[in-house]
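Q: Questions regarding the structure given below will be posed in turn.
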Amino acid sequence: MGAFGWEQDRGAPFSGRSPRILTRMTDAPRPTAGADAPARPPAAPLVAPNFITEIIERDLEAGKYPRVVTRFPPDPSGYAHLGHVFASLLDFNTARQYGGQFNLRMDDTNPELARQEYVDSIADDLKWLGLDWGEHFYYASDYFDRYYAYAEQLIRQGDAYVESVSPEELSRLRGNATTPGTPSPYRDRSVEENLDLLRRMKAGEFADGEHVLRAKIDLTAPNMKLRDPVLYRIVNKPHFRTSDEWHIYPAYDFEHPLQDAIEGVTHSMCSLEFVDNRAIYDWLMEKLNFDPRPHQYEFGRRGLEYTITSKRKLRELVQAGRVSGWDDPRMPTLRAQRRLGVTPEAVRAFAAQIGVSRTNRTVDIAVYENAVRDDLNHRAPRVMAVLDPVKVTLTNLDGEKTLSLPYWPHDVVRDSPDGLVGMPGGGRVAPEEAVRDVPLTRELYIERDDFSPAPPKGFKRLTPGGTVRLRGAGIIRADDFGTDEAGQVTHIRATLLGEDAKAAGVIHWVSAERALPAEFRLYDRLFRVPHPEGENADVEDDSAGPAEHEAEPGAGQETAPVSQGFMRYLTPDSLRVLRGYVEPSVAGDPADTRYQFERQGYFWRDPVELERVDSREDALVFGRIITLKDTWGKQGGGTQQKAEGKKRPSTKGRGPDEVRGEGSSSPAKAHAPKAQPLTPEQDAEFTRLLGLGASEGDARTIARDPALLAFVGGAAPGDTFAQVASWTVNELVAGLRAGEVKVRAADLAPLAEGVASGQLSARIAREALARAAASGDAPLTIIEREGLNAGLSAEALQQVVAQVIAANPDKAEAYRGGKTALLGFFTGQVMRATAGKADPQALAAALKDALA
């Protein structure tokens with residue numbers, strides 16, 4: 001196949017059609033039965049502790065910034081895809097966690113490929129995902145004038161020059177890893193000549209590639225990025241927003257840091273392939289004297305198996321007709337996933353299971369698919385549909401019966417937090433009221449493969465003379481059957497037996513007389529190998545480009561020919577179309593209802609087909625969102641890899657997330673032998689822990705360790721479980737293995753609730769947890785007894801504020817002189833002096849009054 005308090009539509013029909021087209025973030029709450037289930041508060045923290053949050057907390061404590069500002073900067077040359085989910089949610093959640101600001105920026109610096117349709121679709125898809133940037137929506141093109149002014153400033157400072165050699169010569173002059181770069185004849189042009197040439201470049205006097213503007217840094221630098229990188233290039237193409245006003249466009253390494261500084265971004269997060277580019281970022285911040293200045297931080301990139309996210313390759317799939325468009329449900333674009341029927345809650349739940357580290361990692365696509373299944377299990381009412389029908393005549397049934405069958409199985413009813421379940425048309429009712437009428441008639445349809453004239457051993461469905469139970473309707477016996485000339489079964493004659501009859505199997509069915517005809521589109525993974533553009537791909541296939549920007553943006557990479565070697569790994573039957581029947585109860589349901597067709601999978605009506613002008617109300621087209629179970633597990637996890645004949649590199653002595661070591665830009669392989677595989681018992685526990693809300697990493701660690709598993713067995717299920725699991729793995733693990741932890745897991749849920757509600761800080765929670773582990777007292781009892789979370793009176797707070805200001809007169813004077821960023825410094829000092837007991841809002845008001 002192809003989390004926080006969200007206020008989202010419940011999967012409204014897809015409307016924005018394209019033209020043929022980890023830190024563990026907060027664990028998304030499991031949806032309760034039905035789409036109108038009551039919302040649950042989010043678990044906390046929004047972003048679990050990691051190296052970036054540690055930096056942010058140090059910066060805030062030191063008063064480096066008044067508040068956190070992050071940004072997500074997609075390149076509008078294609079549609080948002082699953083590869084953007086982790087990074088965008090990390091940026092958004094981080095800003096929210098620290099009460100900061102999140103910016104959405106369109107990096108529209110490539111006039112050849114940037115389009116308004118891509119801007120609109122990206123913004124629409126990110127809103128669907130749950131991101132909210134308010135008024136902070138920006139285009140890089142809004143600041144072309146300012147970029148240009150900075151370019152002239154660099155020239156006047158002697159820090160930039162116009163280069164006039166050919167692109168090939170420029171590449172040669174840069175040298176390589178063992179040879180330093182060589183100055184070109186134009187490196188020492190005068191300021192006047194450089195300014196004249198840059199202005200003429202801007203005016204459009206020169207052809208593409210005739211000149212570029214380069215930074216003058218260090219041609220001998222070991223970091224090749226510092227060898228006089230290109231800042232501006234000539235592109236004589238109209239821009240979708242500025243038309244033909246500009247003939248030069250900034251390179252990514254120039255635009256990115258400048259735009260961060262202009263927007264007031266504090267912590268600029270990007271993936272690991274930009275680690276060397278940070279040197280240019282820092283050089284520009286120093287040369288242009290931004291204060292306070294932003295800083296760039298790199299995290300390990302997250303890839304997804306059985307998927308490609310290169311926009312060039314996705315575009316090639318569309319152009320080659322291998323998919324129907326950018327919204328083809330087999331594509332990894334968010335637009336396609338929306339059409340497929342995946343909900344934003346499922347995508348966020350997937351992102352919640354991915355951790356932030358400094359190591360690249362490829363995520364098993366089963367993690368994503370299981371998040372989709374878990375979401376739909378509690379969202380999709382059960383009905384019956386027959387996709388490949390064969391007719392059955394019940395010879396002893398004279399009239400029609402109306403059966404009342406439940407929408408929900410017992411496990412969904414059991415897990416409902418309010419004891420109610422949803423109805424397809426909306427609203428929540430008692431489980432016994434959540435039923436639909438299903439007609440039982442003389443003629444039925446069953447699945448063709450549910451009847452076998454010559455059954456193999458172990459076949460438990462219908463056979464000649466054998467019995468089977470019809471779901472909710474009773475037991476039938478096959479008396480005889482007919483075939484066509486090819487030997488294919490055309491009809492079955494059967495008898496409806498009494499309830500005292502016995503049958504080994506259960507099958508689904510629909511009334512042949514009353515069921516609705518429908519088309520069923522069965523989508524599967526687009527690629528048949530885990531790494532279609534990596535270890536499985538042709539050696540000449542390029543797969544090194546960053547997620548958002550190539551090494552030299554706008555230098556032709558996006559328009560260069562793409563190796564089609566990856567296409568050899570397309571799944572031949574990733575789309576199968578069948579025509580069958582669905583029970584008539586669906587006729588009155590909202591078009592966006594997601595169903596579980598029993599024994600078949602999760603489906604919904606294709607929203608694009610609903611929009612077609614020539615569609616009729618009775619022309620039902622259902623697309624399969626996901627199968628009920630992972631049908632790829634064996635072939636993808638074992639057999640497939642052996643067939644490819646690839647040997648895995650040794651990882652002896654390395655940690656589970658460090659196949660190439662922290663900070664390496666080389667990706668860790670998803671199936672590299674990081675540890676022994678889970679035993680069947682451990683795998684069952686792993687699955688159970690995931691279902692309870694634990695992150696993938698925490699669940700795997702706990703499932704392997706009897707001491708940890710025994711401890712969390714006493715934890716209460718619910719929204720706090722993920723935090724309890726995280727504390728178990730990260731705070732209590734050593735003590736549990738040594739048998740020294742005295743606190744009960746059941747006592748941790750109230751502590752987690754306190755953190756989630758904001759009543760307790762993470763620091764106080766960890767301190768109380770450590771004391772509880774040693775004493776056995778409940779953490780909240782310790783907090784109350786020892787006053788760890790006791791607030792300050794207004795008078796006491798004012799006294800501390802006055803003392804801090806008196807101890808820092810120079811900073812107080814600077815603040816009053818306009819350096820308002822120092823408010824963060826004073827906040828940190830007061831928090832330190834009060835051991836974190838000051839209420840943040842009261843503190844902010846007290847500081848502003850005292851510094852006025």
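Even glycines carry a Cβ here, placed using N, Cα and C.
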Q: Kindly point out the range from 23-27, 183-187, 308-312, 528-532 that Swiss-Prot annotates with motif ''KMSKS' region'.
A: 308-312
Q: If you draw a 10 Å sphere on the Cβ of D107 (L-glutamine binding site), how many other Cβ atoms land inside?
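A: Step by step: centre on the Cβ of D107 (L-glutamine binding site), count other Cβ atoms within 10 Å, giving 23.
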Q: So, by DSSP, how many helix, strand and coil residues make up the motif ''KMSKS' region' (308-312)?
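A: Counts, helix then strand then coil: 2 helix, 0 strand, 3 coil.
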Q: According to DSSP, how is the motif ''HIGH' region' (74-84) divided among helix, strand and coil residues?
A: 3 helix, 1 strand, 7 coil
Q: According to DSSP, which kind of secondary structure is Y252 (L-glutamine binding site) found in, if we only use helix, strand and coil?
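A: In the DSSP reduction, Y252 (L-glutamine binding site) maps to helix.
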Q: Across the motif ''HIGH' region' (74-84), what does the mean pLDDT come to, as a whole number?
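A: It averages 93.
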